[in-house]
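Asker: Mind having a look at this structure? Questions to follow.
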Amino acid sequence: MFVTFEGIEGAGKSTAIDYLSDYLQARGHDPVLTREPGGSALGRRLRALLLDVRTGGLASRAELFLFLADRAQHVTEVIRPALEAGQVVLCDRFTDSTLAYQGYGRGLDTEYLRSLNTAATGGLEPDLTLLLDLPVRCGLERAGERNRSAGMVIAEGRFDSESLDFHERVRRGYRALAEEEPERFAIIDASQPPEDVVLQCRSAIEAYLRRRGRGLD
């Protein structure tokens, strides 16, 4: 099972993934936790470039192809082998981030982006996508506090420094994507306390499995 986690900055995706990993391990699974950018050795180098605020003047298409290079390597090196081995993969961001950020946020054509995503992934799509949704100002406040606490304001703050309008477009983009594919997406109210967010995510995964006559145990 391939589960992706999407949302604006500060939505709490990493926290939810960590809790769900513990939940799955308690039920005998060995989940693979990964992220974009940065899920492979190459990806970690690309992440440092893409998220650093000192990476100035990066053209939208240049940014796009760096993310796609990360994804192509990530799928080949990490995601597809894990799925073929029967493991559950929990991924912090995937193809929908490209549509939301480079499409709705940067204004690149979404159909063009879909075709590039397909090329980068070899057609691999998530089984379930959990969209952690919350107001933009709340998310940015959380992201800023997180990066300050970790000393990562410079190293990982490039997207946090985008305009409020940019992040509003990204959020609207995510919600539009969820409306287009309601069977794949579950919208999670990420403005709630972390424990409530995790419960929503867990319920969404269990509901997905019930629809397919499967269980976690």
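Every residue, even glycine, has its Cβ placed from backbone N, Cα and C.
Feature table excerpt (Swiss-Prot):
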BINDING   GLY7, ILE8, GLU9, GLY10, ALA11, GLY12, LYS13, SER14  ATP binding site
Asker: Under DSSP, is SER14 (ATP binding site) part of a helix or a strand, or is it coil?
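Answerer: It is helical.
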Asker: In the same chain, which residues outside the set GLY7, ILE8, GLU9, GLY10, ALA11, GLY12, LYS13, SER14 have their CB within 8 A of the centroid of the CB atoms that define the ATP site?
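Answerer: Same chain, not in GLY7, ILE8, GLU9, GLY10, ALA11, GLY12, LYS13, SER14, Cβ within 8 Å: LEU132, LEU134, GLY139, ARG142, ALA143, ALA190.
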Asker: Does anything in the same chain, at least 6 positions from GLY10 (ATP binding site), have a Cβ under 8 Å from its Cβ, and if so what?
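Answerer: Residues satisfying the criterion: LEU134, CYS138, GLY139, LEU140, GLU141, ARG142, ALA143, GLY144, ARG146.
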Asker: Around GLY12 (ATP binding site), which residues of its chain at least 6 apart sit with Cβ under 8 Å of its Cβ?
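Answerer: Set apart from GLY12 (ATP binding site) by at least 6 residues yet with Cβ under 8 Å, we have LEU132, ARG142, ALA190, PRO194, VAL197.
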Asker: For ILE8 (ATP binding site), what residues in its own chain, 6 or more apart in sequence, show a Cβ-Cβ distance under 8 Å?
Answerer: ASP133, LEU134, VAL136, GLY139, LEU140, HIS167, VAL170, ARG171, TYR174
Asker: Determine the Cβ neighbour count for LYS13 (ATP binding site): the number of other Cβ atoms within 10 Å of its Cβ.
Answerer: 26
